[in-house]
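J.: Sharing the features that Swiss-Prot gives for it:
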BINDING   Arg139, Phe140, Tyr141, Tyr189, Asp210  FAD binding site
Amino acid sequence: MIENLRKRSTIEVEWRKQPVHMDIDLDQVDNPEAYPITVSVETSKDGSDPGLLWQPMHAERDSIVKETIHAKYVLGCDGARSWIRQRLGVSFIGDLTDSTWGVMDIVPKTSFPDIRKVAVIHSSKGTVMSVPREDKLVRFYIQIDAVNPNAASGLARRDLKVEDLLDAARAIMFPYTMEAAECAWWSAYRVGQRVANEFARHDRIFLAGDSVREYCLEVIRCQ
């Protein structure tokens, strides 16, 4: 997709930039020719990841490059911990559950025969959903609390490790085996069914995807 953008337009996709400040000029929002939104972003000089949006910047401050972007529109697709949603002060409406799930992108070593297909596995230990991705990666959504009841507490979630996700997947998928030759990314979260109380601000800043709604993966039990 990115290569097609380069061939067919002047659009360039940039990575590893972290927003740190955003302002909107209310006097210009109704002017279709204006660029009323100012976003300040930071990146490291060597192009490495300057830090996760919900964690302190881990790069040295003297290695950070600052940039100011003037935009007509901003689209926030930055996930459940959306920086843009938080910056706008938009809140979620709905309920959290006591169900804790893990998600991981791994290169699996498994005896499960349909690993390169979208699959949903139910057992007495819980639910696992697998979705094939690029470069031999597979994304796994894993119901952790069914195997580890203590995972429902916030403190326990912070203590979880990728090995805990693998242990839960193994228990649910038994007698199939499961190992990770490589782990590209993982996370754990308490699921809920919530939606943002606002999707757009001044028809200039928009929220989409996980930044605007949460849903419980347990609905797959009913499908």
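Every residue, even glycine, has its Cβ placed from backbone N, Cα and C.
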J.: What does DSSP say about Asp210 (FAD binding site): helix, strand or coil?
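T.: In three-state terms, Asp210 (FAD binding site) counts as helix.
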J.: Could you tell me the maximum Cα-Cα distance in Å between the residues recorded as binding FAD, namely Arg139, Phe140, Tyr141, Tyr189, Asp210, rounded to a whole number?
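T.: The widest Cα-Cα gap among those binding residues is 17 Å.
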J.: Please give me the CB contact count at 10 A for Asp210 (FAD binding site), counting all chains in the structure.
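T.: A 10 Å sphere around the Cβ of Asp210 (FAD binding site) contains 15 other Cβ atoms.
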J.: Going by DSSP, is Tyr141 (FAD binding site) part of a helix, a strand, or coil?
T.: strand
J.: Name the residues of the same chain, 6+ apart in sequence, whose Cβ is under 8 Å from the Cβ of Phe140 (FAD binding site)?
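T.: Residues satisfying the criterion: Gly102, Val103, Met104, Ile106, Pro108, Val128, Met129, Ser130, Val131, Leu165, Ala169.
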